[in-house]
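Quick notes on the structure that follows.
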């Protein structure tokens, strides 16, 4: 295992744990979803390390898609702030059984 | 919603699944999944009430997490083996992670908790899209991944079947019951996916037919809970007499279509020497049968205890399109004699 | 050696984001991670990708996050000094240290591979050429990316429209 591989794996796992375990605000959950950033770094490092330069398009596409995801998440933040009056995740409890 | 925006969103839904189908590279498959998720979100939130916003938020968070996990697993696979091809997954760690991420995406137990809540917040049409079309792309990926750990899919399948049966027992809301039915059916597919992928595909297609007739008939009746099912005899007498057949077909009783996948899967499992697993699968179908029967009982076998103000709404012409419902109900009930040709069509 | 420092800051930064502080501080941690990520990419020779990360990510996305942190403002923000956040942070960092201890004997260092070994034949660095392929070979991918950006525009418009009575108003 190379240090780079270990670094982005552990960083991603940390982001995932943060998303899964404790979120009080929807915005914090969206910030944890930005662990896609580590995937950007991972894809770029794979490209650079293996010298397959034609693959370095993929981090750019990843960045575009994660920007789409982030903006959709922020739009949902606005939508839930309007319908629920707050962005706390505890208030999203209408559908539980 | 403006028809132009609606057409763009539907185009996005179709394009996402198509991209995932057409891809052999994990990155492109991931793009298709993201496209699919993004396109359905405004359809889910189209009525802007708090339940819809909440369901959309939960759906978005789970799908985005699953997509990120999928991409992380494939990137790890590329770091470990240098491969991006979907069919060439050899390392056990990324394969397991990908299977779990896809299971989160389609809502298999133990990652199922979002599905009933999300489905409960939607209207029936969007719920139908969510439980049929949105499952196609992740399932296509799941079919292509070479499983390295045989216990994983069997465990996912068994827990899904049991949880889908047990948790559905306590529900009175139709959409939640349909969500648990979806979990249980996906469990049937997962249990056989590594022995015979074509059989899993057959089960998925038949499940689509059966669940769309269930969703469409509930939509025509305009009901979302068991209580209001009891007055459906005054609205649609013919459909009310057909609905128990739809539900029993979902449960998998012999002369109906739903028996075919269960029969073939149990046969395949027995051929593989997994008789205890097959027995457990057959017994877990009884759990689901109980709530299907309860729906059938409330809808057809008894009359509402309340006095109805009008018993003749069936005279009023309905302005909903009933042709898809008629086609899917026919397929739901009478496809069993066609099982040899269907099977030979799907088996390579 | 600087690479190792960057890796450390990257992991600690993600732990800082994950340990549930208030959104402002989480965004601050993300800024730090993104900045350090640029450093990692430059160390590997990907200067253009690093520039893209710096400009697009820090310039675009985090401005939006700072804006919406205002929407989720709270009177008593929790930073990493407060008890539970500090506890989670220590827990996460210790977890990473323990997992890295499991791999301790098996590190192999293959970094410092430059991106352009064929540097003497080309005018630009490797990643610049690679990204430029998006406009020739990877045209289909460019189309898909453009399409999803358009789709997101409509998605966001539909989500924040809210029963057609203007943007920021309760329903």
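Cβ coordinates come from backbone N, Cα and C, glycine included.
The transmembrane segment annotation in TrEMBL falls on one of the ranges B:126-146, B:273-293, B:294-314, namely B:273-293. Note on TrEMBL: of B:20-43, B:92-115, the range annotated with the feature transmembrane segment is B:92-115. The stretch from B:92-115, B:151-170, B:177-195, B:233-253, B:273-293 with the most CB pairs below 8 A to the transmembrane segment (B:60-80) is B:92-115.
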